[in-house]
Amino acid sequence: MASVFCLRNVIFRGTCNVNSTKFLVLKSVANHSRSLSISSINCNDVEFDLVVIGGGSGGLAAAKEATTLGAKVAVLDYVTPSPLGTKWGLGGTCVNVGCIPKKLMHQAALLGESIQDAKSYGWQFPQAENIRHDWETLKDAVQAHIKSVNWVTRVELRDKKVEYINGLGTFVNANTVSATTKQGERTLTAKYFLIAVGGRPRYPDIPGAVEYGVTSDDIFSLQKEPGRTLVVGAGYIGLECAGFLKGLGYDATVMVRSVVLRGFDQQMAHIVTAAMQDRGVNFLFKCKPKKIEKLDNGQLKATWVNEVNEEFTDVFDTVLFAIGRRALTRELKLENAGVKVAGDGEKIDAVNEQSNVPHIYAVGDVLYKKPELTPVAIHAGRLLSRRLFGNGAATMDYDNVATTIFSPLEYGAVGLSEEEAVKRFGEDKVEIYHAYYKPTEFFIPQKNISHCYLKVVAMRDGEQKVLGMHFIGPQAGEVIQGFAAAIKCNLTVNALMGTVGIHPTIAEEFTRINITKRSGKDPNPASCCS
Ligand code: FAD
Ligand code: NAP
């Protein structure tokens, strides 16, 4: 028998263990401020301990952890085809139409750059002038890799005895989910439900957007090469896609509505933009799309307006919308379960991943005001399962999550931006260390070093606790990852300066910081080894 009931400010989480021995876990969550209704279900009547809706990063991580802890788990996953008809297999956004294909295409673009660098290092390409990239080869290789991951994921679920149901989940009531599968409807009951449905790209509400535009759902499997591409949106996806498309040899233009990388340190965002412009990516600032039309020759005519409503047009082969993503909650019929959505009407505002209905949880991109990142979804999912089915007490810490924008010159960041630190603590309390640096690898090919820049945001007093670290340069993700762990351990500027670097690397530049913005001193390096 199990009961799941919740009183204001105190959650009683009753659960059966998988051997049906009854035990009760009592947890007090002091800041759980919602008024919660009491609901209870009988453990013996339910088919599963946990039903996960959404087989992506968060859902799969939670499901696998739960079965490892002995729970009986089912995962529902269903991909609705994109308006262009693109669909994919098990594993969610990251594996199929997100991080993985993006990183592979980014790598393809970087290799193109390396071929140019290689000539300066003595590599000879007898047919150098004829070097060109073949889209179909790359697309096929990327898709083959994705299919292999889909397969491995299915095998892993089978081995771990997670029941995978290829069906669209909707709530019938708070204790029942219906799965629509090719074979028909199936009803599932469970003690706990986990909503991990992620999101899908938005389209702007303009004529021709859905008919003729593509999104990140389509770009990695595009049958014909993208050609001259307009990318609408200057967030993560816009910059990354425009970056690799240009690197593969296609003309790429980014349309920016307000600012590039809103929410990020804006000085860093400007440098990322400049580095992309330096590589030939075009930017249309303060512009919004108005309509997309198809020409007789198959090309797309885009019309847009600037901030004073002046109209412009140009012709492209592909228009890619990268204007953010909507959470897939509408399709879930949350109202049948009584699960409330937050301010924007789509996302779930959970406390420790628990929705307003105590036995219904949510992780990943579907959560309100939480980073939309794969490792965030995975970590939160795992911790949740440990709390539900193990003896875990740890909750997800959404602060100081490191991230990287895989633009041609990458930008990695962890912690606060300069603006956010000043807003929170005041300008006189914050110290900014910064430096330009010269990657050794750039010398021989004489690559532009003017965008290789880093910044440490710290408290001004005492040992100067580090609040944020920002790095633009090659392998920024690899550089920032280790420092993210250091920040978790309360890194200080003193400790950073007391760290002996690894020479010659670019990550060591963080250990060499000594110039504050306030000092007005030149942050340009004198030599590589000074
Ligand atoms: P998802 O992985 O989206 O999984 C949700 C699954 O649920 C999907 O398979 C969906 O089809 C399914 N589903 C939806 N509704 C239902 C339903 N009703 N019934 C059954 N199944 C349903 N993050 C990073 O950390 N690093 C990156 O480099 C990175 N790059 C990205 C690049 C792109 C182009 C995109 C789009 C995203 C990128 N992300 C990246 C973000 C990352 O992919 C997401 O944060 C992550 O996938 C979210 O995981 P999730 O479990 O919340 O949802
Ligand atoms: P995003 O980062 O939120 O950026 C959306 C962009 O589109 C913004 O520049 C926004 O401009 C613009 N925009 C929004 N509505 C628009 C409209 N109607 N017309 C024109 N422009 C519009 O979203 P995203 O790039 O789609 O990425 C979604 C999420 O996926 C990200 O938040 C990120 O967490 C995740 N992701 C992560 C990675 C990574 O880790 N490397 C990579 C890709 C994606 P404004 O600023 O003016 O609103």
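Note that Cβ sites are derived from N, Cα and C of the backbone, with glycine treated the same way.
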Residue in Gly324, Gly338, Gly343, Gly345 which TrEMBL records at the NAD(+) site where Gly233, Ala234, Gly235, Tyr236, Ile237, Gly238, Leu239, Glu240 also bind: Gly324
In sequence order, those recorded positions of Gly233, Leu239, His503 whose CB lies under 6 Å from ligand 1: none
Overall pLDDT for the domain 'Pyridine nucleotide-disulphide oxidoreductase dimerisation' (401-511), taken as the rounded mean: 97
Alpha-carbon spacing, Cys99 (disulfide bond) to Asp365 (FAD binding site), which is rounded to whole Å: 14
Conformational class of Gly233 (NAD(+) binding site) under the three-state DSSP mapping: coil
Secondary-structure category, per DSSP, in which Leu239 (NAD(+) binding site) falls: helix
Cβ within 8 Å of the mean position of the Cβ atoms of Gly233, Ala234, Gly235, Tyr236, Ile237, Gly238, Leu239, Glu240, Gly324: remaining residues of the chain near NAD(+): Val231, Cys241, Leu261, Ala322
Distance-selected recorded positions near ligand 2 (C-beta under 6 Å), from Cys94, Gly235, Ile237, Leu239, Asp365, His503: Gly235, Ile237
